[in-house]
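Here the structure comes first, spelled out in structure tokens, and everything after it is commentary.
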Amino acid sequence: MRLSSKTTTLLVLAALIALAPLFFPSSYYFRVGSLIFVNGLAVTGLVVLTGYAGQISLGHAGFVGIGAYACALAPVHLGLNPLAAAVVGAALSGGLAWLVGRPILRLKGYYLAVASLGFGALVSMVLANEAQVTGGPDGMTVPDPGLRALLKSAGLDLSNSAFWYAFSGGILVIGAWLALNLYHSPTGRALRALHGSEVAARTVGVDVARFKLQAFVISAVYASLSGSLLALQNKFITPDVAGYMHSIELVTMTVLGGAGSVIGAVSGAMILTTLPQVLTVFQEYEQVMLGLVMMLVMIFMRDGLLPSLSRRIRGRGE
Amino acid sequence: MPELMQFLLSGVTVGAVYALVALGFTIIYNASDVVNFAQGEFVMLGGMFTVFAFEAGLPLPLAALLAIIATAAIGVALNKLAIEPARGAPVVSLIIITIGASILIRGVTQIAFDKQLHRFPAFSGDTPIQIVGATILPQSLWVIAGALAVFVGLWLFFTRTLTGRAVLATANNRIAAQLVGINTKYVMTLSFALSAAIGALAGVLVTPITLTGYDIGIALALKGFAAAMLGGMGNPKGALVGGLLLGVLEALTAGYLSSQYKDAAAFVIILAVLFAMPQGLFGRKSTDRV
């Protein structure tokens with residue numbers, strides 16, 4: 001039996017996550033790994049928005065910030081478990097995306113880019129300025145959800161970094177599975193249709209506004225959960241997560257690997273998350289390298305790294 | 001009343017800088033449909049080059065001139081090395097390319113110069129001038145006059161010169177422009193040089209007031225971009241009005257509401273304008289062909 005590309009993608013992803021630790025010389029690698037998964041989750045959401053539906057957002061770090069701060073604030077003010085707080089944050093992000101998405105998504109191209117950028121900037125400004133609630137630029141601590149302790153009492157004792165590696169890896173696989181299912185669903189087809197041509201999609205009866213909004217809400221929920229995961233594993237959070245640069249990083253990761261496919265975008269997240277870790281040796285040159293990578297890939301491999309490479313490997317004759 | 005006057009004056013000064021950045025966006029956008037996110041870096045480079053040439057012993061006007069020429073050359077290089085090879089790429093790719101360029105320029109500046117904030121002396125001293133109970137720095141007048149001069153100069157260039165009309169023709173319809181013998185590649189190169197030079201000029205004018213440093217470009221690009229959007233992308237008049245409007249609104253918000261949220265005010269207003277008029281204040285309505 002031939003495996004569908006969806007199953008293959010998921011199997012490859014799960015196998016990589018499960019087998020990579022065999023080659024980890026130190027717990028530091030678990031830490032980088034979980035960072036990759038956290039970014040990969042946000043980027044998977046952007047695949048739905050950008051890769052499927054063809055819409056740009058330069059403000060998604062705003063949703064990451066909401067998810068992150070939900071995990072810090074809800075336990076203090078509402079007495080929720082941090083995991084429940086993550087769900088509240090996701091609901092909040094989804095609701096907010098639904099509210100701002102309606103007017104914003106009427107805009108196209110650069111206009112949509114600047115509107116979403118404005119939204120992200122507003123969120124990060126509120127997080128940085130409302131110091132009495134959010135701790136301001138100093139950030140705030142995030143309580144532990146107690147999952148590790150629960151596992152320990154069940155007889156499974158994982159180190160902190162190994163636990164978060166496995167946990168965020170698991171969430172990423174679930175997130176990828178949902179996004180891949182969406183791709184082949186009627187909604188996914190509608191999104192791809194409006195990506196091709198909005199006018200043509202409307203002519204064949206696709207409710208363009210509704211589907212764009214759905215993609216925006218879905219991607220906001222992914223971003224929010226990614227922020228929550230980051231907050232939980234770092235146990236500390238600053239407004240930087242919601243900043244403009246983080247939005248740019250997320251979009252870059254998405255298109256770097258290939259916005260059209262989940263696995264491509266996740267590999268983009270992997271490259272851009274590991275690059276700064278490798279480059280700390282040449283900290284001075286980090287920005288230069290990042291800028292160069294962004295430019296070179298976009299100039300010479302327009303569809304992203306993975307699709308371009310696989311095309312080159314598969315079909316020389318094309 | 002003097003209070004309001006003071007806010008207006010400082011708003012117009014900042015707004016003039018936004019307008020110059022927005023004009024830079026407009027020129028490149030018209031010639032190539034690219035929004036150049038590295039526009040703020042041109043302003044930064046204008047200031048930085050002048051600072052270091054001046055500290056190396058050159059007279060200020062010569063240092064400024066060199067800075068503008070050097071920045072224009074970088075603008076041309078950006079077009080030749082990054083934008084031209086990416087012709088026909090989707091909007092997202094172009095956004096990433098120019099954002100990558102801005103990060104690259106920032107990184108190189110930081111290595112070549114340093115991470116400090118710099119300034120050089122104001123052109124005509126630092127003695128404030130009294131206007132209706134408010135004060136204004138002589139340098140602010142230089143900034144405002146500079147923005148107006150650039151605007152008038154561009155207007156003359158676009159309406160009175162053959163080259164300027166070639167740029168307009170290219171903006172209007174690239175293929176038609178090629179058919180009547182316009183070298184659209186040259187027009188694009190010229191646009192990048194021009195908008196980099198205008199950005200650098202803004203940097204030269206404003207550095208004595210606001211200081212320059214390797215990372216001042218991001219905020220300026222965002223504000224200039226917002227100003228251009230507010231006025232209607234691609235419209236020089238819109239860029240000027242959008243920039244001034246944005247500066248004044250920001251100053252009023254900082255003065256009467258909250259200085260922490262002055263940037264927020266700018267974005268809220270832009271979002272509101274875009275919702276009501278998706279093409280901006282002076283934008284053309286466009287239709288898609290399928």
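Each Cβ is built from the backbone N, Cα and C atoms, and glycine gets one as well.
Features reported for this protein in TrEMBL:
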TRANSMEM  B:6-27  transmembrane segment
TRANSMEM  B:60-79  transmembrane segment
TRANSMEM  B:91-113  transmembrane segment
TRANSMEM  B:140-158  transmembrane segment
TRANSMEM  B:186-206  transmembrane segment
TRANSMEM  B:212-231  transmembrane segment
TRANSMEM  B:238-258  transmembrane segment
TRANSMEM  B:264-282  transmembrane segment
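For the transmembrane segment (B:60-79), the partner stretch with the most Cβ pairs below 8 Å, chosen from B:91-113, B:186-206, B:212-231, B:264-282, is B:186-206. Most Cβ pairs within less than 8 Å of the transmembrane segment (B:140-158), among stretches B:6-27, B:186-206, B:264-282, belong to B:6-27.
Comparing B:91-113, B:238-258, B:264-282 for CB pairs under 8 angstroms to the transmembrane segment (B:6-27), the maximum falls on B:238-258. Comparing B:91-113, B:186-206, B:212-231, B:264-282 for CB pairs under 8 angstroms to the transmembrane segment (B:238-258), the maximum falls on B:212-231. Sequence-distant contacts of the transmembrane segment (B:186-206) (same chain, at least 6 residues past either end, Cβ-Cβ under 8 Å): 17, 20-21, 23-28, 30-32, 36, 39-50, 64, 67-76, 78-80, 83-84, 139, 142-143, 146-147, 150, 163, 166-167, 170, 177, 212. Away from its own ends, the transmembrane segment (B:91-113) comes close to residues 34-38, 40-41, 44-45, 48, 52, 74, 78, 82-83, 214-215, 217-218, 221 of its chain (Cβ-Cβ under 8 Å, at least six residues beyond either end).
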